[in-house]
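Features reported for this protein in TrEMBL:
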BINDING   Thr38, His70, Arg123, Ala142, Ser182  L-threonine binding site
BINDING   Arg61, Asn65, Thr119, Ser144, Ser152, Arg196, Tyr236  ATP binding site
DOMAIN    16-200  domain 'YrdC-like'
Amino acid sequence: MNGNTTKVIKISDLYNDDIQYACDILKNGGLVAFPTETVYGLGACALNPEAVKKIFEVKGRPQDNPLIVHLASFEQVNEVAYVEEKYVNVIKRLTPGPVTFVLKKKSIIPPEVTAGLDTVGVRIPAHPIAQRLAQCAGPIAAPSANLSGKPSPTDAKSVIEDLFGLVECIIDAGESAFGIESTIIDLTKEKPLVLRPGPITIEELNEIFKEFGGVEFYVPKADEKPLAPGMKYRHYAPEKTLKMVEPEKIQEYANKDVLILCTLETCEKYLKDAKNIHIIGEYARPYTIAQNLYKSLRLVDKSPYPEAVIEKLPEEGIFFSIMNRIKKAVSKF
């Protein structure tokens with residue numbers, strides 16, 4: 001960055017001239033943090049190997065962890081990857097949206113993006129600013145816009161906490177709608193494999209892919225090179241100790257020197273008089289938990305409490321995706 005400070009630009013519409021400023025940074029090999037409907041991304045031109053390397057340097061990201069390429073249209077998908085004819089209608093049905101497809105890559109995508117794999121994850125975000133950037137700057141390689149291992153950012157404030165002074169530009173466009181990263185589906189295998197659960201649930205995908213026999217959830221082996229982001233390394237984790245606790249046992253931590261992260265329903269049932277609680281959302285409205293999860297995990301390190309516990313949730317529907325993130329946050333690797 002040559003000692004320059006980060007420019008933070010607040011954008012509420014697509015006619016803001018600062019979008020062109022951000023596009024120019026990407027075209028010139030710089031880094032831009034930008035909003036998507038899932039979490040904020042840290043973008044570089046996907047066709048520029050040197051720019052892509054900066055992402056790994058700034059985040060402290062392991063080199064074997066591939067990046068997702070963000071695109072503006074299905075036409076751009078065909079420019080960077082090979083799409084089997086049988087999957088064209090399904091991809092068009094699910095895009096734009098919070099889903100990433102792993103496809104065989106074309107030579108235009110450098111190995112720095114894919115960690116040397118012959119596949120590439122591509123997605124068309126359902127966010128107008130992300131789409132506009134990909135339209136004017138071309139394919140954008142982007143992981144989440146945070147320091148590696150920390151909770152992903154769902155607003156510009158969290159991005160600024162991690163990356164101010166490290167990137168050329170941060171676009172502030174409010175909070176992300178979903179709050180957890182995209183569902184990743186590998187379409188290069190015999191049967192569609194879900195490599196990372198996300199806003200589009202396994203149950204929904206089984207219905208969408210029923211003509212192909214549904215989908216399978218892929219569990220990676222311990223020593224396996226990651227096939228997609230979020231599969232291998234500890235993620236989403238606060239610095240302080242975080243434990244997962246069954247809802248009926250969480251009352252044992254009431255008014256102790258521990259921050260309790262729980263649903264509204266569990267609070268009302270077990271923790272009515274507790275002062276050391278933070279509501280992560282409503283069990284009856286599970287997408288509120290997804291929206292609030294990463295902010296809640298970031299709060300752990302900001303709180304005066306030396307450690308935290310988080311409520312264990314069921315593992316079906318969107319809860320399965322949320323629990324995937326919670327398990328990684330409490331893991332000790």
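Placement of Cβ uses the backbone N, Cα and C atoms for every residue, glycine included.
Structure coloured by features recorded in TrEMBL.
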residue : record                   : Cβ within 10 Å
Thr38   : L-threonine binding site : 29
Asn65   : ATP binding site         : 20
His70   : L-threonine binding site : 27
Thr119  : ATP binding site         : 22
Arg123  : L-threonine binding site : 25
Ala142  : L-threonine binding site : 28
Ser152  : ATP binding site         : 27
Ser182  : L-threonine binding site : 29
Arg196  : ATP binding site         : 24
Tyr236  : ATP binding site         : 26
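The average pLDDT the prediction assigns to the domain 'YrdC-like' (16-200) is 97. A simple way to gauge crowding: the CB of Ser144 (ATP binding site) has 30 other CB atoms within 10 angstroms, across all the protein chains here.
Across the fold, the C-alpha of Thr119 (ATP binding site) and the C-alpha of Thr38 (L-threonine binding site) stand 22 Å from each other. In sequence order, Ile55, Pro143, Ser148 are the residues of the chain that are 6 or more apart from Arg61 (ATP binding site) and have a CB within less than 8 Å of its CB. Each residue in Thr36, Gly41, Ile68, Pro98, Thr100, Pro125, Ala130, Glu181 lies on the same chain as Thr38, His70, Arg123, Ala142, Ser182 and has a C-beta within 8 Å of the C-beta centroid of that L-threonine site, without being one of the site residues. Classification of Tyr236 (ATP binding site) by DSSP places it in coil, neither helical nor stranded. Closest in space to His70 (L-threonine binding site), of the binding-site residues given as Ser144, Ser152, Arg196, Tyr236, is Ser144, taking the CA atom of each residue. Reported as a whole number, the C-alpha separation between Ser182 (L-threonine binding site) and Arg196 (ATP binding site) equals 8 Å. For Arg123 (L-threonine binding site) paired with Arg196 (ATP binding site), the C-alpha to C-alpha distance reads 14 Å.
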